[in-house]
Amino acid sequence: PLCEFMSVIKSGAKLTAPLGCLVSRQKHTLPDLPYDYGALEPHINAEIMQLHHSKHHATYVNNLNVTEEKYKEALAKGDVTAQVSLQPALKFNGGGHINHTIFWTNLSPNGGGEPKGELMEAIKRDFGSFANFKEKLTAVSVGVQGSGWGWLGYNKEQGRLQIAACANQDPLQGTTGLIPLLGIDVWEHAYYLQYKNVRPDYLKAIWNVINWENVSSRYSTSKK
């Protein structure tokens with residue numbers, strides 16, 4: 001059976017795997033994109049997508065595997081100091097892998113427009129209108145200092161949608177408890193080649209490729 005840490009990518013549940021799991025774990029792999037690198041043009045160009053996926057995301061995956069190997073060795077030796085020292089790398093690379101795995105599916109060449117059904121009803125209930133929601137998530141994403149992410153998440157305890165920002169590659173659920181539905185990457189590598197330092201232009205464009213079917217599906221699953 002796959003380890004709990006592997007299921008993090010779908011659930012975002014925990015970043016720390018049970019001890020027995022790391023002994024016989026499977027290596028993480030770079031997921032394929034569900035579309036071509038140039039499919040999101042003109043909103044996100046092919047060069048950005050290729051570098052972002054095949055270089056940046058691939059690096060997180062490789063470093064996560066290396067870190068887990070070191071963590072496994074530290075566990076075997078009972079070296080708690082080494083385990084603790086590896087936690088930042090586990091969080092950063094594990095978070096990078098989790099976040100980007102969600103991000104690619106949140107985008108689609110057939111995206112844009114507005115969501116339908118129960119997700120739209122929840123957005124209206126929790127934000128007043130879709131326009132209000134869009135404005136708030138954009139503002140939170142623009143306002144991230146340095147590198148990070150803007151998120152729409154589901155608060156399972158309160159049964160409502162929430163907007164949050166995460167620094168660097170901090171995974172939403174592992175750091176806030178919110179279940180990730182829609183993530184907007186505002187690291188410069190996500191937009192700089194095309195939009196330079198004008199992050200608001202990138203954020204305006206990305207709404208044209210948001211895959212609302214994927215976000216709606218995540219919302220339905222999160223409520224179960």
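Glycine is treated like the rest: Cβ placed from N, Cα and C.
As annotated by TrEMBL, Mn(2+) binding site applies to H52, H100, D185, H189. Look at TrEMBL and you will find 27-108 tagged as domain 'Manganese/iron superoxide dismutase N-terminal'. The domain 'Manganese/iron superoxide dismutase C-terminal' annotation in TrEMBL covers 115-218.
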Taking only the residues in the domain 'Manganese/iron superoxide dismutase N-terminal' (27-108), give me the average pLDDT of this model.
97
How many other Cβ atoms are found within 10 Å of the Cβ atom of H52 (Mn(2+) binding site), counting all protein chains shown?
23
Which listed residue (H100, H189) has most other Cβ within 10 Å, given these are binding-site residues:
H100
Cβ within 8 Å of the Mn(2+) site centroid (H52, H100, D185, H189 excluded): which residues?
H53, H56, H57, F103, W187, A190
Close in space but at least six residues away in sequence, with Cβ under 8 Å from that of D185 (Mn(2+) binding site), the same-chain residues are H52, N99, H100, F103, W149
Tally of DSSP helical, extended and coil residues in the domain 'Manganese/iron superoxide dismutase C-terminal' (115-218)
54 helix, 24 strand, 26 coil
